[in-house]
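Trainee: The structure under discussion is supplied below as structure tokens; questions concerning it will follow.
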Amino acid sequence: MYLQQLHLIQFRNYVAQQVEFSAPKTILVGPNAQGKSNLLEAVELLSTLKSHRVSRDRDLVKDGESLSQVTATLQRESGPLDLSLTLRANGRRTVSVNSETIRRQLDFLGHLNIVQFSSLDMDLVRGGPGERRNWLDAVLVQLEPVYAHLLQQYQQVLKQRNAYLKHHRADDAPQLDPQQLVLWNQQLAASGSRVIQRRQRMLMRLVPLAGHWHQTISGHQEQLEILYTPNVSYDPQFPEQLYPQFLSQLEEKSMLEQLQGLSLVGPHRDEVTLLINGTPARQYGSQGQQRTLVLALKLAELKLIEEVVGEAPLLLLDDVLAELDLNRQNQLLDAIQTRFQTLITTTHLGAFDAKWLDSAQILTVKAGQVQFST
């Protein structure tokens, strides 16, 4: 897939900006706070309908305006696609594909596949379990857009079950109805099992790819292990055991859940452990080792999405390339070549190896305006 054109209207600090992409690599250069990351964020929104920077649409609409619009022309193997997203300060959204309004936003997902790599991704290693769960889920949505619906179902049941437990925890609350709790347990186990199984299946395909890239980048000096520990214990070779095991663990934790007013079993408590040569990378990995690990994960994402979707996704590198040493830059360049369209932001071109600049489209960004560099 290839992003040909992006058009921003009243988005962030852009009033009206159209960008034509004319090369496999586009480098956006300029000082901080000029709008480089905003442009990548617009592409992210068209892919995922989410921003990793903010949660409210009003923060995406230019100050003083009531709505903004992000549109793009994308070339897929099946033909051209026009994608449009209208954001309103009041939170209402409209999405369309080829000028046809899409009623369910979830049906908009899957038209534009991306892999993002920014300095925030170091939290994959350094952050808590929630960071790694969010990463798993984001990759899964790229591979299987229906997963967004399955995850939403689980989160809704979890929220309602927590509210039920919390309500009956109060001293003056009526006694908890065991039959009602059984119904909530069944719903949580059914939707949660689907989430766990998909996470497990995806990692089975991603782990070998990440291991290959990690060995290559580290010069075969380090061994990467990725351990997925579902909160519900079961043998992945026997997936039919997961649902009854889920219910069993809910029964075991029932009294504790009622005391705490909180669901203590389910994929919202899964963990992913990243090990380098058998040692937890979070506590003991050096900064260089952690960067190598995250780069290996991102390259694995690229390859896996390409395998599953059948087309190469876009790669968004947000102010991260200058943080990679020459070896890691070259490994990344060798991996993407010209097959993966890449959008790169940077404050200066001096940190780039000459090979990155060859045949790249270089755009200058200043105060919400994009100019072609000569």
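Placed from the backbone N, Cα and C atoms, the Cβ positions cover glycine too.
Here the structure is a predicted model, which means the values were calculated and not measured.
Dumping what Swiss-Prot says about this protein:
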type	residues	note
BINDING	Gly30, Pro31, Asn32, Ala33, Gln34, Gly35, Lys36, Ser37	ATP binding site
Trainee: Quick check: which same-chain residues outside Gly30, Pro31, Asn32, Ala33, Gln34, Gly35, Lys36, Ser37 lie with their CB within 8 A of the centre of the ATP site CB atoms?
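Mentor: In sequence order, the nearby non-listed residues are Asn38, Thr345, Thr347, Val365, Lys366.
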Trainee: Let me check the 10 A CB neighbour count of Ala33 (ATP binding site). How many other CB atoms are there?
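Mentor: Result for Ala33 (ATP binding site): 10 other Cβ atoms within 10 Å.
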Trainee: Which state, by DSSP, holds Lys36 (ATP binding site): helix, strand or coil?
Mentor: helix
Trainee: Going along the chain, which residues six or more apart from Ser37 (ATP binding site) have their CB under 8 A from its CB?
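Mentor: Within the chain, Ser37 (ATP binding site) has Cβ neighbours under 8 Å at Arg53, Asp318, Asp319, Thr345.
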